[in-house]
Amino acid sequence: MKRDYYEILGVARSADKDEIKKAYRKLALKYHPDKNPDNKEAEEKFKEVNEAYEVLSNDDKRRRYDQFGHAGVGSSAASGSGPGGAGYGDINDIFSAFNDMFSGGGGRARTGGSPFSGFEDVFSGGFSGSGSGRRRSAGIQGTDLKIRLKLTLEEIAKGVEKTIKIKKLVTCRECNGTGSKSGKTEICPTCHGSGEVRQATKTMFGQFMNISVCPTCGGEGRVVKDRCPSCYGEGIKQGEATVKITVPAGVQDGNYLTLQGQGNAGPRGGAPGDLIVVIEEKPHELFKRNGDDIIYDLSVGFPDLVMGTKIEVPTLDGHVKLTIPAGTQPNTMLRIGGKGIGHLRGGGSGDLYVRVNVFVPKEVSGKDRDLLKELKKSTVICPNHGDENHEKSIFEKAKDIFS
């Protein structure tokens, strides 16, 4: 079972971004493979720390994790800890920490005199999400797409599989997503395929290297000469797609489900974004939800409350017989076990609570009125609170003594 991301970084759930980054830097330096050669345990911890930081440093992923646990972020965090993933993309935080300690400066600029001046170059090419190798092959990442999925309480109780059509950006079939009419692209003449431009500045403290995204190709490393007339060189166009969504039992209104790679297609061969499905719970005409339990209001006649009875009540999957014990008082909650919402993490379901209320007719006929008058004469059925011979209170007795 995966450990809690907050526990891995050793921070509270209320920690802000600075606290999370500080904890990450400390642990990343501690378990970095260069400091722990041939140490498998340290290597695994380093991956674990990167995975936790990738989620908690991203506002959207952190919100999904807080609401839905590891299921809310799916496998995105784990995939991010490999080469080219977001986890190693934040490895610059480690280099920033090295610069803080040894050169006294912050930021991304590097000096030729720093003992770690070449350290970042090694990793940015092999691991960083901003490395030139990634730009040459990955294109532009597609954007995430968010939709709302309305579900009934019955669907939420058992879990459901939905197949729906959505509108999204899809890969252009005419150019196969390249954006080029001929299907070919050329190496960018400005950055020569690296996706970035570098400018060296010499100062009295050494040489600074400033790196920025290539303005010609936007960081892709390649340019389109003969634009596709169907997608205007973007490699994507508006379209439709059919997606299958598996919703587990026990989700709540506002929960997120993330379908990896089901979002908008990326321009010119870029990886697709994710489809974020926001759960919307429809109001139910019979039941009210309380966590994984549901509540049903049942009106019962006065005679049945007094003498007891058996009544058929609805559930989310049919009807069951409920025994009303003799002498049941109004607003009593009777429990029917296992007839509520399935638990999100599995292992059973919540309960159905029947709230018993007394039924009071708005109008009665002459015969029924006579029956009620007869019942009213019984002090057991209707205690006569207006009887002058009722037992006096202690205050009334004291008043009689001193009057």
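Note that Cβ sites are derived from N, Cα and C of the backbone, with glycine treated the same way.
Residues annotated as Zn(2+) 1 binding site in Swiss-Prot: Cys172, Cys175, Cys228, Cys231. As annotated by Swiss-Prot, Zn(2+) 2 binding site applies to Cys188, Cys191, Cys214, Cys217. Positions annotated as domain 'J' by Swiss-Prot, on the basis of sequence analysis: 4-69. Here Swiss-Prot flags 172-179, 188-195, 214-221, 228-235 as repeat 'CXXCXGXG motif'. According to Swiss-Prot, the zinc finger annotation covers 159-240, on the basis of sequence analysis.
Annotated features, which come from Swiss-Prot, shown on the structure.
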| residue | record | Cβ contacts under 8 Å, 6 or more apart |
| --- | --- | --- |
| Cys172 | Zn(2+) 1 binding site | Gly179, Cys228, Ser230, Cys231, Glu234, Gly235, Ile236, Lys237 |
| Cys175 | Zn(2+) 1 binding site | Lys181, Gly183, Cys228, Ser230, Cys231, Gly235 |
| Cys188 | Zn(2+) 2 binding site | Gly195, Cys214, Thr216, Cys217, Glu220, Gly221, Arg222, Val223 |
| Cys191 | Zn(2+) 2 binding site | Val197, Cys214, Thr216, Cys217, Gly221 |
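Mean model confidence of the repeat 'CXXCXGXG motif' (172-179) amounts to 90 (pLDDT, 0 to 100 scale). Secondary structure counts, DSSP: the repeat 'CXXCXGXG motif' (228-235) has 0 helix, 0 strand, 8 coil.
Within 10 Å of the C-beta of Cys231 (Zn(2+) 1 binding site) there are 24 other C-beta atoms, taking all protein chains into account. Every protein chain shown contributes to the tally, and the Cβ of Cys228 (Zn(2+) 1 binding site) ends up with 23 other Cβ atoms within 10 Å.
Sparsest Cβ environment among the binding-site residues Cys214, Cys217 (other Cβ atoms counted within 10 Å): Cys214. A Cβ within 8 Å of the Cβ centre of Cys172, Cys175, Cys228, Cys231, the residues given for Zn(2+) 1, is found for these other residues of the same chain: Arg173, Glu174, Asn176, Gly177, Thr178, Gly179, Ser180, Lys181, Pro229, Ser230, Tyr232, Gly233, Glu234, Gly235, Ile236, Lys237. Each of Pro189, Thr190, His192, Gly193, Ser194, Gly195, Glu196, Val197, Pro215, Thr216, Gly218, Gly219, Glu220, Gly221, Arg222, Val223 belongs to the same chain as Cys188, Cys191, Cys214, Cys217, is absent from that list, and has a C-beta within 8 angstroms of the C-beta centroid marking the Zn(2+) 2 site.
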